[in-house]
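**Q** Just passing along the structure, written as structure tokens.
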Amino acid sequence: MFHLGIDSCCCCWQIFFTCFASALLAYIIFGCFKRRNLNKAVLERRQRFADSKAALRKRLATTDTVQLEKRRLIVKLKFSDLTEKLQKGELSAVDVLHAYQWRALTICDDTSCNCVVEFVDEAEEFAKQLDHLYNKDSNIAKPPLFGIPISVKESIQIKGHDSTRGYVRSLNQQANESANLIRLLQDAGAVPFVRTNVPQTLLSFACSNPIYGRTSHPTHSNRTCGGSSGGEAALIRLFGSVLGVGSDVGGSIRVPAHYSGVVGFKPTSDRMTQLRSVASIPGRPMMCATAGPMGRDVHSLVMFMKALLDKPMFDSDPYVMPVPFRDEIFWSTEPLTIGYYETDGFFDALPCCRRVVSKTKQLLEQAGHRLVPFQPSDIPLAVSLIVRSCVVDGGQYITDQLADDLVDPCVRLIHILYCTPVRLRHWLGKLVRPLDAKSALLLGSFASSTADLRRAYEAIGHYRTLFVERWKRASLDALICPPHAVVAMPDHVMARLMSVVSYSALYNLLDFPAGSVQCSVVSDRDEQSVEDEYNVRDLSAKQVFQNCRVGSGSVGLPVGLQCVTLHGQDELCLRLMAEVERLWS
């Protein structure tokens, strides 16, 4: 009997291990099969894009040197000059479209930037319709953006196209309707002609995904162009687009603009339609993703906003404030009281970023404005609230999206983090605090319950109130500061440097309009200043130091300035951006 019991026990263990091994083997086989299907879908999409480029290249092919020179001249035109020629009929919508399609193709073929992910096939027919409708009868007034080709961030819906946000699982899920913003832009005469790359999840300051690959910096290929509207910034910088549409929830317009050397504007959330827009994490009531323009000069951003802030948008979206663009504010010449800060006290800004703020302060004072120091209060609290209000579910939405998908290296770290239980993240935060207090703060900031989230929303309301009270006590009209603490970094660094978010995401938390203006570039002296002055007090600062010190290759990288105004004062923000641009140029 004793031996029988032992035999029975051994048999049970054999059955258990057999079942376990079979289940494990089935899981591995299923995972390999699923991964093979995902890779197949990626290859099919890339082949489709290659075929699309080949067909477009054939359609645009010419040996006519006059025609080629005309295209070169068109893509070099300033936005104001291009608009004037289109309005006067000196250029047709099709002429301009072909010039920018040709330039975008050239960028695809001749650079490693990889910023374009799709050509909008319908663009040609739409441009022809515009020419037929408006050029045949000079008595019909042309819409404000007549014939302007626009590039569109891949995550923004266009009818008949998928918006994957870098998720392979979202391929071949075509939108039934365009985002309201795209429809309104088309009604204003704009021609969507290309779609640009984004990081997987849209929650990265790098720009890479498993479908389309990595988008590099337009002039420094070993660095990132920024994210998540990185493809837009790179294409615009390379003269592949004159006006682009991005979106911004933590700096996703302003940071790529700053990194790549273009201009970008994040409007107040309730002054820009969000209907049928796709967010990185849907359901964030206190951190709304706001669509906005990107371009080569501030005038293009102004024309974008003027074209949209009008009756058609107010009629189509009741959640938008029905306030048309206020020219009297934008064109005012009244002296302003402008606050400024060079560093926020949480993440030390690079010397080049501080230099741009200091120089802009001098230029604005010489122009007759009053500049006063203004330091945002309690940035660590703000960063903690940013994390809680942005990742409202602790990362569950992102982990669900990535569960059956290929994971890009630029988001692998946050994927691992979001898969970790919230309480364990808090414990890890305490563990790493001696090495990197900023990263520790991020780890300890995730909401652990709905009650915790409610308290965070209450704290956001209180923080906003105190911030506005301090602003009013200082009698500020506007504020200038760095768009980010750093300039463009290598992708792998930005994947680990999320604590740098404080400069940009603060104004998403406050829902203030903010924009980035290209001002300067990193100099040899700036690199030397990093060696002499930069405070390497933790692991995050050490990564910045290593990639911006003498000999790091940062010389020549663009450096921008951030302009900020109170909620709803978008025209004043654009006025300040235009003045800063003029003073620096």
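Here the Cβ of each residue, glycine as well, is placed from N, Cα and C on the backbone.
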**Q** Same substrate site as S228, V249, G250, G251, S252 according to TrEMBL: which of L184, L185, L202?
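**A** Candidate in the recorded substrate site: L202.
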**Q** In whole Å, note down how far the CA of S252 (active site, acyl-ester intermediate) lies from the CA of S228 (active site, charge relay system).
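**A** Rounded to the nearest whole number, the Cα-Cα distance is 5 Å.
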**Q** Could you work out which of the binding-site residues (G250, G251) has its C-beta surrounded by the smallest number of other C-beta atoms within 10 A?
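**A** Relative to the other binding-site residues in G250, G251, G250 has the fewest Cβ atoms within 10 Å.
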**Q** Specify the secondary structure state of S228 (active site, charge relay system) as given by DSSP, simplified to three classes.
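**A** In the DSSP reduction, S228 (active site, charge relay system) maps to coil.
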**Q** Would you mind pulling the longest C-alpha to C-alpha span across L202, S228, V249, G250, G251, S252, which the record has binding substrate, in angstrom?
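**A** Site span for substrate, by Cα atoms: 11 Å.
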**Q** DSSP on L202 (substrate binding site), three-state: which is it?
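**A** L202 (substrate binding site) sits in a helix per DSSP.
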**Q** To test your reading of the substrate site: which residues beyond L202, S228, V249, G250, G251, S252, same chain only, put their Cβ within 8 Å of the Cβ centroid of those residues?
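**A** Close Cβ neighbours, site residues excluded: L203, G227, S229, S247, D248, I253, V255, S280, A289.
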